[in-house]
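Following: one structure in structure tokens, then a few remarks.
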Amino acid sequence: MSANNIVWHDASVTKEERRKKNNHGSYVLWFTGLSGSGKSTLANALSRQLFESEIESYVLDGDNIRHGLNKDLFFSESDRKENIRRIGEVSKLFVDSGQVVITAFISPYREDRAQVQQLLEENEFIEVYVECSLDECEKRDPKGLYKKARNHEIKDFTGIDSPYEAPINPDLTVNTETQTIQESVKIIIKYLENKQLIKVK
Ligand SMILES: Nc1ncnc2c1ncn2[C@@H]1O[C@H](COP(=O)(O)OS(=O)(=O)O)[C@@H](OP(=O)(O)O)[C@H]1O
Ligand SMILES: Nc1ncnc2c1ncn2[C@@H]1O[C@H](COP(=O)(O)OP(=O)(O)O)[C@@H](O)[C@H]1O
């Protein structure tokens, strides 16, 4: 349901003008993967590298967004769905502002990720699977959450008692068990260069 009597205002500065000024495209690099797979680490390492190359990017991170915009949401299937829907809308605004958006959400459901893709225009959604086995994520356990989930102190934890649907045909996969952080960043940059989405200095 949505409100009546609202009228869309066209912007005085267009997405195309902003892209032209920035000298690069704007799109979403949608990272998906288990907790502890390396989404935040890679998103931030990539954003730093893009920044050094004068490419405008912004990281939207699950933990951070859940402190503010989505602090009313928990981890049921419907709350996760709403979480991803809102992030999709926020990502769309950032794409409109001419930036490269890097999102780091578990985003466990294929359908929810597909809905974000549909919200955006063609070539504005790049799905990056941050692959890492549950075993390894659990070994890393950077926040001690797997331990809590195994001890039933947290319920609905992804990979333990809540599902994770890996992408079937992602645009790109990085494997953080076999690749270092720098190798994964390099693979993503190479992909963007090959697609002529960025020129890195
Ligand atoms: N039950 C449960 N399941 C999964 N994750 C949990 C849970 N409770 C808290 N956390 C912490 O919240 C982070 C995941 O938030 P997301 O917004 O990315 O999740 S989702 O996309 O809505 O599934 C996740 O962050 P990352 O580890 O960075 O993925 C956890 O730190
Ligand atoms: N090759 C790698 N790539 C990414 N992260 C790695 C790698 N090896 C170890 N790590 C570590 O794994 C952890 C991943 O945590 P984080 O980035 O918060 O994951 P997520 O955002 O997916 O929950 C970090 O402590 C990071 O230093």
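Here the Cβ of each residue, glycine as well, is placed from N, Cα and C on the backbone.
Model, not experiment: these values are computed from the prediction.
Over in TrEMBL, the protein carries these features:
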{"type": "ACT_SITE", "residues": "Ser107", "note": "active site, phosphoserine intermediate"}
{"type": "BINDING", "residues": "Gly33, Leu34, Ser35, Gly36, Ser37, Gly38, Lys39, Ser40", "note": "ATP binding site"}
{"type": "DOMAIN", "residues": "26-175", "note": "domain 'APS kinase'"}
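Positions of TrEMBL features highlighted on the structure.
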residue	record	Cβ within 10 Å
Gly33	ATP binding site	27
Leu34	ATP binding site	22
Ser35	ATP binding site	26
Gly36	ATP binding site	23
Ser37	ATP binding site	28
Gly38	ATP binding site	26
Lys39	ATP binding site	26
Ser40	ATP binding site	21
Ser107	active site, phosphoserine intermediate	27
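Residues Ser35, Ser40, taken from the binding-site residues Leu34, Ser35, Ser37, Ser40, are distinguished by a CB atom under 6 angstroms from ligand 1.
Using the Cβ center of Gly33, Leu34, Ser35, Gly36, Ser37, Gly38, Lys39, Ser40 for ATP, the list of other same-chain residues with Cβ within 8 Å runs, in sequence order, Ala104, Ile106, Val130, Cys132, Cys137, Thr176. Regional average pLDDT for the domain 'APS kinase' (26-175) in the model is 97. Ser107 (active site, phosphoserine intermediate) is 13 Å away from Ser37 (ATP binding site) when you measure Cα to Cα. Under 6 Å, Cβ to nearest atom of ligand 2: this is the test, and of the recorded positions Ser35, Gly36, Lys39, Ser40, Ser107 it is passed by Ser35, Gly36, Lys39, Ser40.
The DSSP breakdown of the domain 'APS kinase' (26-175), given as helix, strand and coil counts, is 61 helix, 28 strand, 61 coil.
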